[in-house]
């Protein structure tokens, strides 16, 4: 039930926070000639984070001349891989929900449904771990490439000591950090569901039928039944009698104490 409820939601949060992200950083170039300065240079970037295609113009502090620069790095592979896994995970979760609710008989027929479900669950668990780890590394690289202090170093005007370059503000990373968290939450959710899906397969049922109970449990059960069957309760006399028949036993002395004397319980 947890899988049916949380898997689609976690998948939505994962690809929405990553695939819908857009950020901006802003730097300033203060030339010795104030008329050539630009104190608000905005640089926008977004998913899929092909930063080497993000261009921006900055002053060169040489008259009105400007240079066109690009950010460094292409991190689209890890980001798109992460989003792709999230989308397919969402679609499969919806399909599995429909099958669980409306096609339960078909699902259990010939044990084919549980086996397919088990294999797919294992695959998605592994893919969530790989994609989340790859995207966490990719996000770290994106943060480094879009650090305003690093971007300032790309500008030729900032290499002249008489000019002053600084960062105004950097991007906000809360959305992308959340996407990584949901990526690992999806891995935990799918990995935890492996056992519940495995219990529905024939592999688990064959193992349970092959080893229904341990030998110690069988011996304990047989002993308890034997003791219970041997002990009876005498309704007429109200006395407990066992296989020894204490109510009818005779106490006789084998040795002679002055003569053969025997005591019989009447």
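Glycine is no exception: its Cβ is also placed from the backbone N, Cα and C atoms.
Residues or ranges marked as domain 'MARVEL' in TrEMBL: 1-202.
Per TrEMBL, the feature signal peptide maps to 1-18.
TrEMBL lists 81-103 (among others) with the feature transmembrane segment. Distant neighbours of the transmembrane segment (81-103): 3-4, 7-8, 11-12, 14-15, 18-19, 47-48, 113, 117, 120, 124, 127-128, 131-132, 134-135, 138, 179, 183, 186, 190; these residues of the same chain sit at least 6 beyond its ends, with a Cβ under 8 Å from one of its Cβ atoms.
Within the chain, the transmembrane segment (115-136) has long-range Cβ neighbours (under 8 A, six or more residues past its boundaries) at 18, 78-79, 81-82, 84-86, 88-89, 92, 96, 107, 179-180, 183-184, 186-187, 190-191, 193-194, 197-198, 200-202. TrEMBL lists 115-136 (among others) with the feature transmembrane segment.
According to TrEMBL, the feature transmembrane segment maps to 181-198 (among others).
Long-range contacts of the transmembrane segment (181-198) within the same chain, counting only residues at least 6 positions beyond its ends with a Cβ under 8 Å from a Cβ of the stretch, are 2-3, 6-7, 10-11, 13-14, 17, 82, 86, 89, 114, 117-118, 121-122, 124-125, 128-129, 131-132, 135-136, 204.
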